[in-house]
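One structure below.
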Amino acid sequence: MPETLLKVSDLHGWYGESHILHGMNFEVRKGELVTLLGRNGAGKTTTLKAIMGLLRQRKGSVAFDGTETISMAPHKIARLGVALCPEERGIFSALTVRENLHLPPVLREGGMTEAEIDTLFPRLKERWGNSGAKLSGGEQQMLAIARILRTGATLVLLDEPTEGLAPVIVQQIRDALLELKRRGLTVLLVEQNFRFASTVADRHYVVEHGQVVDHMTSDEIAANTERLEAFLGV
Amino acid sequence: MMELIGIPPQALFGQLMLGLINGSFYAMLSLGLAVIFGLLNVINFAHGAQYMLGAFVAWMLLNWLGIPYWGALVIAPILVAATGLVIERVFLRRLHDLDHLYGLLLTFGLALIFEGVMRSQFGAAGMPYGNPLPGGVNLGFMYLPWYRGWIIVASLAICLATWFVIERTKLGAYLRAATERPEIVQSFGIDVPRMITLTYAFGVGLAALAGVLAAPAYQVSPNMGSNLIIVVFAVVVIGGMGSIMGAIVTGFGLGVIEGLTKVFYPEASNTVIFVIMALVLMVRPAGLFGAAK
Ligand SMILES: Nc1ncnc2c1ncn2[C@@H]1O[C@H](COP(=O)(O)OP(=O)(O)OP(=O)(O)O)[C@@H](O)[C@H]1O
Ligand SMILES: [Mg+2]
């Protein structure tokens, strides 16, 4: 079995006075694609922010490749090889598509080349000189994924990449995710759509009220559909 | 020589040049304010006092250490920028998550302290600073003192260089991106807190540089900054906070408009900028070049 890349233990997180994460426990092994499933407000985004260091009030343990990151600043965590693709995509409207793509510095070897990114997302190349604000939702998502693939990150945190996208675009995102996996990247994916998730992921953690309440592999999803629907409120 | 619209050309071009010189200072100061506001969300009320400090440091370098103008032009902004570094690290950083108002109050307090200290040490009267470029050239339609020409050329160069760095380089792309979404830029591995400190220091250094440029042209006095900064805030409101080129164009443009008002309707020359500000606020509250936030 591959070794653990990310180990989250008893992770607590707060926004001001409100206690949001109540002791999250899960792990992701090298090369795995693991999802966090859970309904709106369960704390999935907050978990990703805590791993990235963007949630300032956090306690417990987040070990990345053996390094404890719980009290590290986000830019230090990024330099270890963690990258976040935020829920709102975070495309900069003051920058062109090209500038957006080249903004994150290459932090380590093994990142994708521009040619590889062009092959993965051919639509982006056509919009090279446009302002980031002029992209469609799907294009923004592709750009958000593409720009962190250049950096050589080994753990990619993806927050609901398919949210609000048309089925054709969801297909393309799915292909991109499978390509990431084929290249050996480790992915922690937040999803509400477990049917989509089961087609790309190895394992799933179900999150409720800031805690992991269940765990299953993709093969087990089919047998647990009703239970999942109840959990996710869909 | 011929009179233009009943105004002697010497007077017209003379005022036009004074307008451009005032505009140079408006542009340099509003540029720094805009860059600081963009990244730190702080309305830097100490900006005028930091401009004044630049002039005073130049004066001290000359009179205490014998370092001439050209040396002061480099050293004074660096020294004053270093105080900006400390101010950001010690004070502004702690206010980062609070409302604008706290940063404004803090920097307003700092401005009062800087001015008070200088007034108690040097008096309110103001001290002369020798002109490093005496003489001038007769252009036929007007006489151009070298130093005035230098102010305009130097400030144009400073403004355009700043614009270039912000709008056309990788460093500037980080700055523009961090102005929009600092946490995302930091998650790319960039030390945004350090960038914020350096940006504040840069803006402060720019104000000090303007102060050194101003020293030979005006008196070096404790209130030289507070007189200017009120107009500069009006310039920033008119131009809008969002745009670097906007700050430059608005600064020079309003200087010229003010100069021309002195020729054609001198009674209004002290208020014309504020009248324009009121009009712009009614029509485009975000400013001429600003995007509504
Ligand atoms: N900036 C914030 N300040 C205060 N509370 C917040 C903030 N962001 C999120 N919360 C609260 O934290 C809880 C968890 O939010 P989070 O965004 O992690 O949920 P989520 O699982 O990602 O939901 P969704 O599926 O809607 O994206 C929610 O109750 C939310 O209201
Ligand atoms: Mg979320």
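Numbering starts at 1 and runs along the chain as it is shown here.
Glycine too: its Cβ is placed from the backbone N, Cα and C atoms.
Note: TrEMBL annotation is automatic and uncurated.
Summarising the annotation, TrEMBL assigns transmembrane segment to B:20-42, B:49-67, B:73-92, B:104-127, B:147-166, B:198-218, B:230-260, B:272-292.
The recorded stretches the transmembrane segment (B:49-67) and the transmembrane segment (B:272-292) do not share 3+ CB pairs below 8 A when only pairs 6 or more apart in sequence are counted, and are therefore not in contact. If you count C-beta pairs under 8 angstroms between the transmembrane segment (B:20-42) and each of B:104-127, B:147-166, B:272-292, the highest count goes to B:147-166. Panel annotation: around the transmembrane segment (B:272-292), residues 231, 234-243, 245-247, 249-250, 254, 257-258, 261 of the same chain, lying at least six beyond its termini, place a Cβ under 8 Å from a Cβ of the stretch. Three or more CB pairs closer than 8 A are found between the transmembrane segment (B:73-92) and the transmembrane segment (B:198-218), so contact between the two stretches is assigned (pairs 6 or more residues apart). Pairs of Cβ atoms less than 8 Å apart link the transmembrane segment (B:230-260) most often to B:147-166, out of B:104-127, B:147-166, B:198-218.
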